[in-house]
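Heads up, the thing below is written out as structure tokens.
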């Protein structure tokens, strides 16, 4: 996801204006505002989730306002009393920040019909996970004849100058670093082994991309042949005919819980709850699991099928076995120090 | 026709005309800037404790100073490339016929007609491992393995130079157009060669354009977030990415604010060096 100068400027201006004139954002009846992510998430939500929600709620008015997690937090933070967003969507790191800054409401679990059907990892009382993002190994099958099986394969001498990674600004980059640390005897609290491993990876590194989107496009240019990658980002490229495949490493694919939250002080609390309920239904999750979306479901009543069953898991039990969930509370404690260290040490 | 109204000095002007824009700037530029400065004077991320800690942190940290230094240097490199490549085009523009002039101005303006993202992506295609440059060199047998061009400082400078070129060429064209053409002939008839004429007459007279072009190119080059991140990649850290990282990923707003202020002052310093140089050499040229 790229943030351009203009959107940065707009955010900055908005923030400034709203702070200077709190009256600008006066409370009034407005449609439900759902801040989804940009790109394929927005498309999926517009095509599937929004119609399902409107059908179940007498055509209630809803607006999608796609933006990055960090921007959602900034916007809500700037107007805590009258938040411009009702429903936020977050990666695990930003979710904890939003909860820590007291920006979200606990999910009314006792009122929810579907919450109890979610697999245990998706049941988050501050905001459930309607889907997972999965990170594994992505490779170009035309250049890499034997599919990789382990994170350790990235260090193979045959991939000299062919490996791509992202820096730690992204959830993907940070999550991957933690997984490498675990592989080498470290943990969420100790990533020293991962930094040592990165040092050894340098001869193989062709690119350190600024974000996961930029990383995925490097396959298109033949700049890299193998990298840690996001399952959904790869599907978009595959659909466009780029030779790229996803495989879950034997250490387990990293699953990020993408959680959905009711914003504190939202004037549309009830509708926000209804939207999240819609996102948790087996019907919506099944549609989103099918092509072209291929979004990994969290409701245990959804029967896995298609590409997800083939590449990731046939059912919830296998999914739990093959997926690795990370402790982002621990990760967040030291993440800024890691980013600082990555800035200094990784120069290729 | 009756009596004319009390004669007014037609050269007088009212500052009121500037009021709408001034108000706009005050609201949407000066006020946020002051807010940014206020935020940067806090030692903690919540903005509760006053102090100069953020500035101390930046100014005593060799790594941060390195990022600042390499960003300023990058701007200088891009500006130099733009000046060296842009000046001949601007010079040529003033000497060719109207038909060629139209073609030149079209070529100069063309980059401005496409978005920066598109232009930058084109550079990814050109510089990539299987990109145009590598493919050509390989098919000519000059190199065996593709050169690494993307995600290098060289790639960033080239891409930025192309993206920012109009900002240099347009002021140069204007400045060169204002020079009295007879001066060239006068210089020649007084016995100066073409190089002497260029360095003693054309260049000093075009300095206002050079300064304007350099200032615009420099400021645009070092703040080009998109091009820097797409062509430079994630491991080449320049100020815009450093700022974004601190503000967005780490939510460390006071430090990000301090970085912005320092960056702003550094750029202002460089720009004022440009203008001072311009003034000095203008004095020299006129002597």
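A Cβ is built for glycine as well, from the same backbone N, Cα and C atoms used for every other residue.
Automatic prediction, not curation, is the source of TrEMBL annotations.
The feature transmembrane segment is assigned by TrEMBL to B:17-41 (among others).
Long-range contacts of the transmembrane segment (B:62-91) within the same chain, counting only residues at least 6 positions beyond its ends with a Cβ under 8 Å from a Cβ of the stretch, are 104, 108, 153, 156-158, 160-161, 164-165, 167-169, 172-173, 175-176, 202, 209-210, 213-214, 217-219, 221-222, 237-240, 242, 259, 262-263, 266, 270. The transmembrane segment annotation in TrEMBL covers B:62-91 (among others).
Per TrEMBL, domain 'ABC transmembrane type-1' is recorded for B:68-274.
Residues or ranges marked as transmembrane segment by TrEMBL: B:103-128 (among others). Tertiary proximity for the transmembrane segment (B:103-128) is limited to same-chain residues at least six positions away from its ends with a CB under 8 Å from its CB atoms, namely 89, 92-93, 96, 134, 149-150, 155, 158-159, 162-163, 165-166, 169-170, 173, 224, 226-227, 230-231.
The transmembrane segment annotation in TrEMBL covers B:149-177 (among others).
According to TrEMBL, the transmembrane segment annotation covers B:225-243 (among others). Within its own chain, the transmembrane segment (B:225-243) has Cβ neighbours under 8 Å at 64, 67-68, 70-71, 74, 116-117, 119-121, 123-124, 127, 150-151, 153, 155-156, 159-160, 163, 256, 259-260, 263, counting only residues six or more beyond its boundaries.
According to TrEMBL, the transmembrane segment annotation covers B:255-277 (among others). For the transmembrane segment (B:255-277), the residues of the chain that approach it from at least six positions outside its boundaries are 36-37, 39-40, 45, 54-55, 57-59, 64, 68, 71-72, 75, 211, 214-215, 218-219, 222, 239, 242-243, 246-247, judged by C-beta separation under 8 angstroms.
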